[in-house]
Amino acid sequence: MKSAEIREAFLGFFEEQGHTRVASSSLIPGNDPTLLFTNAGMNQFKDCFLGQEKRAYTRAVTSQKCVRAGGKHNDLENVGYTARHHTFFEMLGNFSFGDYFKRDAITYAWTFLTSEKWLNLPKEKLWVTVYATDDEAYDIWTKEIGVPAERMVRIGDNKGAPYASDNFWTMGDTGPCGPCSEIFFDHGPEIWGGPPGSPEEDGDRYIEIWNNVFMQFNRTADGVLHPLPAPSVDTGMGLERVSAVLQHVHSNYEIDLFQSLLAASAKAIGCSNDNQASLKVVADHIRSCGFLIADGVLPSNEGRGYVLRRIIRRACRHGNKLGAKGSFFYQIVAALVAEMGSAFPELVQQQSHIERVLKGEEEQFAKTLEQGLKILEQDLADLKGTVVPGEVVFKLYDTYGFPMDLTGDIARERNLTLDEAGFEREMDAQRVRARSASSFGMDYNSLVKVDVATQFTGYSATTGSASVVALYKEGQSVTHLNEGEEGVVILDTTPFYAESGGQIGDSGFLHAGDVRFDVSDTTKTGGAFLHHGVVASGSLSVGAQVETQVADEVRDATKLNHSATHLLHAALRQVLGEHVQQKGSLVDSQRLRFDFSHFEAIKPEQLRALEDIVNAEIRKNTEVMTEETDIDTAKKKGAMALFGEKYGDSVRVLSMGGEFSVELCGGIHASRTGDIALFKIVSEGGVAAGVRRIEAVTGAAALAWLNAAEDQLKEAATLVKGNRDNLLDKLTAVLERNRLLEKQLEQLQAKAASAAGDDLSAAALDVKGVKVLATRLDGQDGKALLALVDQLKNKLGRAVILLGSVHEDKVVLVAGVTKDLTGQLKAGDLMKQAAAAVGGKGGGRPDMAQGGGVDAGALDSALALAVPFVEQGI
């Protein structure tokens, strides 16, 4: 059976057993901030198992895409060198949420694996493990299924603590947990290894193919297990592993799915398709990279983006080892889409985007790879011992973008290891240097503990009556706040919008008679709305009745900007592509800021198109529609959800322009798109690798911005004695005149340098037959010094030259060595010494190098290094 047929058979079998087929969730976990990537089928059902979420079904079956690279679960360094390690894999799984339990789960697994209708695996080839004290599972396997005792293995607490076992699953130190039962396939005596639980269990003869987890306990902080009222089942079977078994091959890389990717990789690289570890690395990595990019991850220097960058660069390095010329990795995407696109349509939809991102990252890495490899080669040549120092690993990471595991790959090929502890020390030191001093206000959101949920009335009102439920001062609960005191007020009902989804919290005031509390911000913790501010007059007590008043003008301007972000988001996806995802936003009364995923700067014509599209929707003046519905219905209508946000059973769908923009949003918005009046982008730029930011203004603020721009144009025209109509012509003339003057200046400087060169050459010293000239020429820039060094090399013949200058309060250095000496003396080495002496850095070619620093007082000492440099080198 082909891998695709096995996947479909698994899903179909469990559908016949009353399971709902659920699509794979994103590789970016939406309900677990502690998890870097989705790495198991149960991740998307975590809240179901915890009893925090109810779904319309109690039985589910999935084929879940998973990534294990980075974080706790990291297979990266083993990929390509073993038969079964991958960065990306598919986990087939069936799940029961308080429905069936051990007997049915075991029966389903055995039936699917061994019946002629399904996989038809030989029963005598299957071994089973259970937790040592799980007699129930053991009896089901032996007495009902009929597995002989000699192929049953009880596994106890083999990890040094109670319930710490390969056959006991826990979600954490506390919470749902339970025993598990694993099914192993015996590849036969020709493969070395022993059955599970034996001293030889790490061999490859017995391979785990399916794990059934029985969640039947809740573990409390004291370590005691309490039975769950509704036990559940979580199972997982690796598609690649079971495919290898059914296709009668020992390595996952020999299955049909990988054969097409290996062939495509070999073709793109231009190498033979044989059993090469580097080719396996490339074929594996195209899967994880393709799926991660399709799910919205872009290469960057932190978090998930950094893991993606590491994987891409590792693939590129292994491709280069095999002889790849130029960019090749992106060319394999088409084969990935052909192999897996029918099961995962997001690959088809995002193919061109994946290719663009990979090609861009390859080209960027190529610029630094060659230089970094040369540096590493030099460091390894000087290495004493078998451990690459942490400082070297960090230098390659920090300067050349070499992930530590890429350096580790190169070291492994030479039987070297890395000083990982030293690398981490360097990283820690960098973090300390980078950490800016900052102070934070009182974090009431983590301190306030109120069971009462505030009722929000702000969608339809900006005023109202309310009762004070609680008061806080300096993080402590109090019964009253006096005049002049800052604190937090919690009401039973409020029209104040709490900061969420990028929209700032409302401001305004509360009042009752002569008591007034000025609200500067509103936030939310749990169900409670926190009104932050100060008592302007009187004394406010718990239980008091107050009138609420939101600052209307600020609210109105803010909601226009919020609605504009929705229109901008839709326009971005229309102009740039469906890969655009919101990465963050800030909406206040002055402007809007919108961060989104994109891999390159936006072109001017694209910015103009965005403005045109948004303003066209504004001019249509369509009604902004809101609807309360369930999450599944909202998604079927095409509503976009903000990634990372948690949504309840009921969600609010906001639509503009009919189907132009449909998003889940709980914010305050305009009544009609025409209320926004005008939309103008004021800036666009990058904030991180793969993340762009647009800032824009709307309404009155947009008009004010345009008026200011008009005033600047008039002022510029006045400066060049022109007007708006001929401003460009006037500026062009000024720039042309400036260019001619700069050219004349360069010619004069060249003549002066030539004259200086004649004078300087006479000052050169003879050191062991080498003319050494080291002098300072203050006021000269680097360009002038470079030209002078070239001239002096021609005049002096066999020479070493070091020139320095203090130019615009900085030290400029240029070193030159004539070609006949570069075998013994290198300009780059001299420059490193000289630049370090003035508190800077430098380097370059053996015959020419540049550098600089900040310590002008040390320039003479730096220049004095030239003579001993020659004396020691000759």
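Each residue, glycine too, has its Cβ placed from N, Cα and C.
Residue environment of His566 (Zn(2+) binding site) contains 28 other Cβ atoms, counted within 10 Å of its Cβ in all protein chains. If you look up Swiss-Prot, you'll see His562, His566, Cys665, His669 marked as Zn(2+) binding site, on the strength of sequence analysis.
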Exercise. Any idea what DSSP makes of His562 (Zn(2+) binding site), helix, strand or coil?
Worked result: helix
Problem set entry | Other CB atoms, at most 10 A from the CB of His562 (Zn(2+) binding site) | 26
Seminar exercise, completed: Surrounding the recorded Zn(2+) site, with Cβ no more than 8 Å from the Cβ centroid of His562, His566, Cys665, His669 and those residues left out, we find Gln503, Lys559, Ser563, Thr565, Val624, Leu654, Glu663, Gly667, Ile668
Seminar exercise, completed: His669 (Zn(2+) binding site), Cβ-centred 10 Å count of other Cβ atoms over all protein chains shown, is 24
